[in-house]
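Following: one structure in structure tokens, then a few remarks.
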Amino acid sequence: MRSGEELDGFEGEASSTSMISGASSPYQPTTEPVSQRRGLAGLRCDPDYLRGALGCLKVAQVILALIAFICIETIMECSPCEGLYFFEFVSCSAFVVTGVLLILFSLNLHMRIPQINWNLTDLVNTGLSTFFFFIASIVLAALNHKTGAEIAAVIFGFLATAVYAVNTFLAVQKWRVSIHQQSASDYIRARTESRDVDGRPEIQRLDT
């Protein structure tokens, strides 16, 4: 029979061997958070945003911009064509940019990029789209040849202008609220820090 010391020696060698093999094994248990491994799998649509005023306006903007772009694309002849090309560029750009923002807001993807001021981004997009859609619709109305596609494009262009204008007004209100909230939080944080300094006289002596 083996003595107790020999058995202890074998157990120590076995434990050290298992530790070495476990360290070298490629199948190690991971401590990575589940949320990081999922990536985009955890995305969920935000029905509250889509049912709200801003969400409905975004959907209407995408639809109207797309219809206006389709109408202008069906025109086969133009002379002059500058107004048509300008309207085409405005409607396509508004459709793409607003569509991207709609996806970001409806899936809450903008919450993952807090470095960007999304309220200001939405305000700039809606403001520029309102201005350029209005100008492009006026130019196309003045230079069109009274065809059905051109008249339809002008109508949907002005409808898009109105929807973007309403969204711009709401975006301004939301941006102002966010500015007030940010200033209020900065004021509260400054008051809290000043109270902490007042309650610690040793910091004041060091400062003086």
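A Cβ is built for glycine as well, from the same backbone N, Cα and C atoms used for every other residue.
Listed in TrEMBL for this protein:
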- 1-11: compositional bias 'Acidic residues' (COMPBIAS)
- 15-25: compositional bias 'Low complexity' (COMPBIAS)
- 49-176: domain 'MARVEL' (DOMAIN)
- 1-35: region 'Disordered' (REGION)
- 49-72: transmembrane segment (TRANSMEM)
- 84-107: transmembrane segment (TRANSMEM)
- 127-144: transmembrane segment (TRANSMEM)
- 151-172: transmembrane segment (TRANSMEM)
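As a whole-number mean, the pLDDT of the domain 'MARVEL' (49-176) in this prediction is 92. Counting same-chain residues at least six beyond the ends of the transmembrane segment (151-172), those with a Cβ under 8 angstroms from any Cβ of the stretch are 53-54, 57-58, 60-61, 64-65, 67-68, 71-72, 75, 87, 91, 94, 119, 122-123, 126-127, 129-130, 133-134, 136-137, 140-141, 144. When Cβ-Cβ distances below 8 Å are used as the criterion, the transmembrane segment (127-144) is approached by residues 61, 72, 80, 82-84, 86-87, 90-91, 93-94, 97-98, 150-151, 153-154, 157-158, 160-161, 164-165, 168, 171 of the same chain, each at least six residues removed from its ends. Per DSSP, the secondary structure of the domain 'MARVEL' (49-176) breaks down as 108 helix, 0 strand, 20 coil.
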